[in-house]
Amino acid sequence: MSLGSLSGKRGGNEQHAAWITLRPPTVIGQFHTLFFGSVRMFFLGVLGFAVYGNEALHFSCDPDRRELNLYCYNQFRPITPQVFWALQLVTVLVPGAVFHLYAACKNIDQEEILERPIYTVFYIISVLLRIILEVIAFWLQSHLFGFQVHPLYMCDASALEKTFNVTKCMVPEHFEKTIFLSAMYTFTVITILLCVAEIFEILCRRLGYLNNQ
């Protein structure tokens, strides 16, 4: 066998080992990453743009003046929901990504994560951080967007012009936004439950490994 073929085989094995390392060591973790994470991203990327994409253009107040509409919309949406949920997804992925990057650099496979206590503890910490970040995101979402989108928004525009005082603004497609908002809350709750279940799976498999020794 030639040196080139040996090198190619070794490189292929290293790539395969790196791919296995980057996969979560638990069944629940793999389901969360490969399936639920993809569904959540698709839901946000496709349906989120369809529901919230043109919200600023159709947000209108009485009187219907451009500067008043922009002022009240910025008051109504301190941050756009798409940006908030995108930041939430990226932030929640960070702890797991850091752990798997470290595991890939050290060539730590899935079995080692469950067999060696230090790696098990680090992985559980990364899952706990995901739970904490999801809980914080849930709390922020409830304070920024509430749990229901009302058709009318009362805007305090007195700072813009004294004659405006409090004006009524129409929120477009408020019912669709309420459904989408509820779906995003549901995704967050499911993610938290999956993370808790993953911790229990890790502990059970760790106990099973110790009992088999």
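Cβ coordinates are placed from backbone N, Cα and C, and glycine is handled just like the others.
Note on the transmembrane segment (33-52): residues 23-24, 80-82, 85-86, 89, 93, 96, 173, 176-177, 180, 183-184, 187, 190-191, 194 of its chain, located 6 or more positions outside it, place their CB under 8 angstroms from a CB of the stretch. Residues annotated as transmembrane segment in TrEMBL: 33-52 (among others).
For the transmembrane segment (83-105), the residues of the chain that approach it from at least six positions outside its boundaries are 18, 21-22, 24, 33, 37, 40-41, 44, 48, 113, 119, 122-123, 125-127, 129-130, 133-134, 137, 140-141, 144-145, 184, 188, 191, judged by C-beta separation under 8 angstroms. The transmembrane segment annotation in TrEMBL covers 83-105 (among others).
The transmembrane segment feature in TrEMBL is assigned to 117-140 (among others).
The domain 'Connexin cysteine-rich' annotation in TrEMBL covers 133-202.
Proximity of distant same-chain residues to the transmembrane segment (179-200), defined by a Cβ-Cβ separation under 8 Å and at least 6 residues beyond the stretch ends, is recorded for 24, 26, 28-29, 31-32, 36, 40, 43-44, 47-48, 51-52, 81, 85, 88, 92, 124, 127-128, 130-131, 134-135, 137-138, 141, 145-149. Look at TrEMBL and you will find 179-200 (among others) tagged as transmembrane segment.
Listed as Cβ neighbours of the transmembrane segment (117-140) (distance under 8 Å, sequence separation of 6 or more from its ends, same chain) are residues 25, 29, 84, 88, 91-92, 95-96, 98-99, 102-103, 108, 185, 188-189, 191-192, 195-196, 198-199, 202, 206. Under DSSP, residues within the domain 'Connexin cysteine-rich' (133-202) fall into helix, strand and coil as 42 helix, 10 strand, 18 coil.
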